[in-house]
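Written below as structure tokens is the structure these notes are about.
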């Protein structure tokens, strides 16, 4: 009986192709919008997560900050930079961590021959590369003896290599930054972009000692990064680091700390949570179209019941039961809704293809959301098709046969 009802539903819907298509338009828009939003949202979330992870997923950053933030009229508080002694103190306190590296940066122009490019120069130590998961494409990293001696050596990112050397092998060559020359001893493997559009490959790295002597002109450190050792709990390490920094950088009672500590693991969790909330919120708004589509199905099924009143009376006269009529019209509503769901899923998968390509984010398809959308569209057909189906099933056969 059910199979016959399905076949009869298809024949009925095919007799009114245009009306059937217009009826499911709300379902198509609702399902398509939900699928598209989820696919784009999950792709954006994965891209952000990958970019943050590329900075070093087991890394803790310590940087000068004021908990009071920005004062009145946009006046920013003066930040107190770190000193070399702060870095050494952390090294002494946490010998088993995954490394401690000072980081100081500045915007510069790098020159080789007739070629030049704007880039960022970073002064640091060799532990920086292991904490940040950097690998060399060619050459090597600078070593401890070169750091202590303040040797004029540098490691460049792939973008800097392309801009300055135009395909030539840069190893052993000298580039000039300001008035000073640095010998290129390594080229980093490409990591691509990171958050805020900053390219990680657009960088020149030198030993901190030479940076402080030639670039900054002082012994200050802009930031300290700490790597988590194998099996080390980043939350506990962050808490211990905060205690050490509070002892070294005391503040008067009632004042906020003059530093901030960020755990990359926590940042990744926060980004995932925020994108998930945003995607769910937008999807909920898009899902309203499903309710509109359900109302459209109910209206058109009521019209169909009125148009087919005499047909219903004839079927009842030849022995059809109430449940037969109920199942027939309910199946028609569900088939109509599921057709809209399938069409919406197709559109919802095709639309993000161009969007993700343009935004350069991964195309991520979660089969669970597709299955849920399909089943939910069927549920919409059942809920909104039940009232018209019940109305048809409860008709008086004599009154139905009299209907013109």
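Cβ atoms are placed via backbone N, Cα and C, with glycine included.
As given in TrEMBL:
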type     : residues : note
DOMAIN   : 20-243   : domain 'MacB-like periplasmic core'
TRANSMEM : 21-41    : transmembrane segment
TRANSMEM : 281-305  : transmembrane segment
DOMAIN   : 284-397  : domain 'ABC3 transporter permease C-terminal'
TRANSMEM : 325-349  : transmembrane segment
TRANSMEM : 369-387  : transmembrane segment
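Pairs of Cβ atoms less than 8 Å apart link the transmembrane segment (325-349) most often to 21-41, out of 21-41, 281-305, 369-387. Same-chain neighbours of the transmembrane segment (281-305): 12, 19, 23-31, 33-34, 37-38, 41, 312, 329, 332-333, 336-337, 340, 376-377, 380-381, 383-385, 387-389, 391-392, counting only residues six or more beyond its ends whose CB sits under 8 Å from a CB of the stretch. Residue counts of the domain 'ABC3 transporter permease C-terminal' (284-397) by helix, strand and coil are 99 helix, 0 strand, 15 coil (DSSP-based).
On the 0 to 100 pLDDT scale, the domain 'MacB-like periplasmic core' (20-243) averages 86 in this prediction.
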